[in-house]
């Protein structure tokens with residue numbers, strides 16, 4: 001069962017497993033006695049350049065008999081009239097066959113290696129019989145859409161007689177044109193009859209925009225009687241043999257179209273043939289363009305001789321097929337339009353490396369575009385242009401590798417070369433919605449390496465955070481921060497100064513984690529650029545960015561202006577709201593950064609200072625009042641103490657006597673209630689002790705802690721322990737013992753109060 005399934009899969013998908021990169025003409029047409037030249041293309045790898053090339057004829061049973069090969073073999077049928085030439089530098093080989101006969105018609109293969117392998121291409125050769133020539137018959141062979149001139153001689157006696165041209169249709173001749181002014185409706189607007197001067201015995205019929213239906217036998221005639229002069233002509237209208245074009249996937253192709261000066265002022269077009277005779281317009285000079293080619297096609301201005309060219313970049317597999325260029329007032333293929341044909345094959349075994357065709361960036365952010373070029377042309381000039389779709393399309397240059405940058409892109413566009421790497425990088429930052437579009441990577445060398453990339457502007461915020469334009473003071477030190485989120489933790493981080501030829505790297509300082517990002521502040525970084533003793537030369541654009549090896553990532557730009565020193569002191573420029581949350585805007589600098597910590601709102605500083613000033617003023621007022629009245633209070637306090645102390649002693653003695661009496665009265669009261677009373681007092685004291693800073697459970701706190709992360713205030717409350725502290729057991733005491741202890745405490749307190757009363761007036 002499994003074998004059956006595999007067999008079915010191989011039968012359904014043969015093209016996938018046997019797809020060949022060999023390419024040649026699908027059809028070749030010629031006539032007996034002529035010769036043909038057949039070109040076959042192959043990927044120019046080292047193995048392919050040196051392997052065997054062959055031309056073989058397919059048999060009825062599926063075999064393919066070799067007729068000629070690159071190893072010197074020539075079949076007897078081809079002896080003396082055929083050869084095979086290999087062009088390894090171009091990845092092509094050519095088979096030339098002369099002295100064609102109808103026996104040469106058939107199905108052939110051109111290929112590499114062994115005949116039975118899949119590295120081959122099928123070619124159909126059709127050899128037609130030559131025209132049946134009559135006496136004095138002239139043969140005209142002209143391509144479709146072109147112009148033919150049929151010359152008709154006559155004798156002197158017929159110089160003044162009627163001149164005419166007939167076409168043989170079936171058994172009867174049909175008048176096409178004559179000297180009296182008649183024109184057959186099928187030739188209206190594209191035929192004329194010219195009679196030469198009286199000294200020449202010749203008239204000519206010119207037919208423009210030849211159609212396939214124009215082919216056939218014609219008869220020129222001067223005069224209508226038996227003495228008339230007649231001349232036979234055979235007109236063959238040929239479909240143009242397509243020129244083979246073999247290009248790499250992701251590469252570029254150019255179609256050069258030369259239609260002649262007679263159509264110099266007629267609308268031009270390029271179309272691709274689909275099913276049957278339909279030819280869908282790819283681009284024309286009337287402004288039409290197929291959506292599939294948006295952003296990657298240009299129709300170059302036409303010359304006075306009617307020639308023009310069409311460039312297509314970023315080739316795709318689906319671009320392969322037959323293309324026609326032509327001229328017609330409608331801007332599309334019509335019968336009789338002069339045309340040229342190409343057969344485009346897109347080689348999927350491309351030498352052009354893959355690179356992103358779409359790059360996305362956010363407003364205010366940046367993009368880095370990788371552009372491949374031919375390694376053999378490392379010294380070529382590199383360009384980057386913006387594709388514009390108006391009319392025929394154009395691509396004005398924005399930057400090149402020789403230091404030219406378009407004025408409106410200064411400070412935010414740079415072309416960086418990587419010698420020997422086969423790529424160059426274009427960085428564009430400070431993005432706006434107007435930067436969305438298609439861009440082309442070019443060199444002044446190999447035109448096949450033109451590539452296209454589309455830049456899309458999407459919603460979001462830039463990943464790198466820098467201040468806006470900052471101002472430095474001459475002779476002072478400037479410090480500019482750049483905040484990198486954690487996603488770039490493994491990237492190389494850098495600062496550089498922009499100029500027309502690139503961005504010169506500058507030393508920078510890693511100041512540890514950045515607090516501008518709340519999700520992974522330990523992996524985020526703050527990297528600062530420091531300019532010591534600022535001079536006028538330090539003014540300009542500075543970039544901070546990330547890269548991995550030769551691949552550049554995001555960048556952010558800061559413009560540094562330089563001004564004279566001000567009399568009111570210097571100013572330290574740093575990132576305002578540097579540690580703000582990612583969804584907050586980064587303001588221009590003007591606030592001091594303190595030890596890479598979160599910058600607080602300046603208004604908070606002002607409020608705190610105002611409160612502090614108010615407190616200082618209040619404390620000062622109290623101090624002055626206390627010092628001014630201290631002397632008056634000293635005298636009155638002595639008299640008051642001398643009066644109150646004896647009274648207090650009397651009251652204390654009375655209280656003790658009452659306490660002793662009550663204690664004796666409660667002698668037989670249950671001691672459990674007394675113990676409970678003491679326990680209540682002890683727990684109350686325990687709770688009150690916290691007001692003075694005591695905390696028995698050091699692992700728990702009832703205080704709510706406040707933490708500032710990323711400029712946002714986040715409050716984290718710790719959980720207080722619910723475990724109660726048990727009161728330790730104490731020894732039981734009688735009521736008498738308690739009364740005696742209370743009396744001793746009273747005597748000690750009375751002695752202390754008396755001592756303070758005596759010492760107080762002396763110190764005052």
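Along the chain as shown, the residues are counted starting at 1.
Each residue, glycine too, has its Cβ placed from N, Cα and C.
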Per Swiss-Prot, the region 'Disordered' among 695-716, 717-738 spans residues 717-738
Report, in whole Å, the straight Cα-to-Cα distance of residue 64 (disulfide bond) from residue 496 (disulfide bond). 65
Residue counts (helix, strand, coil, in that order) that DSSP gives for the domain 'Ig-like V-type 1' (19-120): 11 helix, 45 strand, 46 coil
Where residue 152 (disulfide bond) and residue 395 (disulfide bond) are concerned, what is their Cα separation in Å, rounded? 52
Check the disulfide-bonded residues 257, 279, 325, 371, 503 for other C-beta atoms within 10 angstroms of each C-beta and report the one with the most. 325
Long-range same-chain neighbours of residue 110 (disulfide bond), Cβ under 8 Å, sequence gap at least 6? 22, 24, 38, 40, 53, 54, 55, 93, 95, 120, 121, 123
Taking DSSP as the reference, which of helix, strand or coil describes residue 486 (disulfide bond)? helix
If you count Cβ atoms within 10 Å of each one, which of the disulfide-bonded residues 56, 220, 395, 496, 544 comes out on top? 544
